[in-house]
Amino acid sequence: MKFVDEVKIHVKAGDGGDGAVAWRREKFIPRGGPAGGDGGNGGDVVLEVDPQLSTLLDYRYIREHKARNGEKGSGSDMNGKDGADLVLRVPPGTVVKDAATGEQLCDLGTAGERVVIAKGGRGGLGNMNFASSTNQAPRYAEDGTPGAERDLVLELKLLADVGIVGYPNAGKSTLISRISRARPKIADYPFTTLTPNLGVVGWRERSFVVADIPGLIEGAHAGAGLGHQFLRHVERCRVLIHLVEGANPEPGRAPKADLDAINAELAAYSDELAKKPQIVAVTKIDVPEARAAGVKLQKLLGRRKKPVPVHLVSAVTGEGLDALLDAVGRALFKEARPHRGGGGKKLAKPRARA
């Protein structure tokens, strides 16, 4: 299934039906009074969270969405039928904005949550409502009011506890495939991952959702490399795993420079992103060059006024993954129990479900 995380749609609520001008036509009552019924109310446009959905693909090609109009009133005091509501189902994590102003209208995260995003018009009153002692035969009725309409932008922000960030080809997809049952595309070239992947990781007697965020590059906060689309999905994450490639980065790159560059992009996009707890890990330490680079980064960050722990991990051998998951779990659940496994041992694949 294609992953679509932003769409623009037009919604139109139903118009209210017009009230009727009608008269009583009964035997032996030659001049019956007014009997025009009211028009029905127009249907609302409603957004509803469907936990079975994970993308906005349904709205990519169908942009116009209109609820039913209310029916007109009729004679014999008969009111028109209300128009049916139009229910648009969206995945959890959908943010709705007014396309014209950019104002955020709602943030939909709970299964079954419903929001009326465009209110239907009110049905007009029939002429029977306007009869009075001075006007016993009103020849007019009220028109229904038009339903609300607006252009909307729907943005999907993934609901994940942990986001894995880093440069392209830093090993994010390999890591998530090792610690969960997610099976992203993995290849030895940058930007293999073009859409976020989700996996559920079992940790002790708990679990948490991890998102593999496609690789970030310098300028991501300004949209470079689809940066806006990718960074959006980090906003809801409570903890970030910051992967740094230890082996053979491109010319001119080094682990410390990569770490600083990605952190600068997070800060430029949002102050909130910059403040999120981070677990730093150097990847591919099964390669001697990467292990040496990781040890060097450990020393550099360890000398800071507030030392930053650096994990050395290999998704290939499993080395360091137990300790990494413990650090993530403690950051999420505020637990401080020490890791009991021996350092450097291979990881038995954690019990997890995608």
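Placement of Cβ uses the backbone N, Cα and C atoms for every residue, glycine included.
Under the three-state DSSP scheme, SER173 (Mg(2+) binding site) falls in the helix class. Marked as GTP binding site by Swiss-Prot: 166-173, 191-195, 212-215, 283-286, 314-316.
Annotation source Swiss-Prot lists Mg(2+) binding site at SER173, THR193.
Residues or ranges marked as domain 'Obg' by Swiss-Prot on the basis of sequence analysis: 1-159.
Under the heading domain 'OBG-type G', Swiss-Prot lists 160-333, citing sequence analysis as support.
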Least surrounded among the binding-site residues, given as LYS172, LYS284, when other CB atoms within 10 Å are counted: LYS284
CB contacts for SER314 (GTP binding site) [other CB atoms within 10 A, all chains]: 25
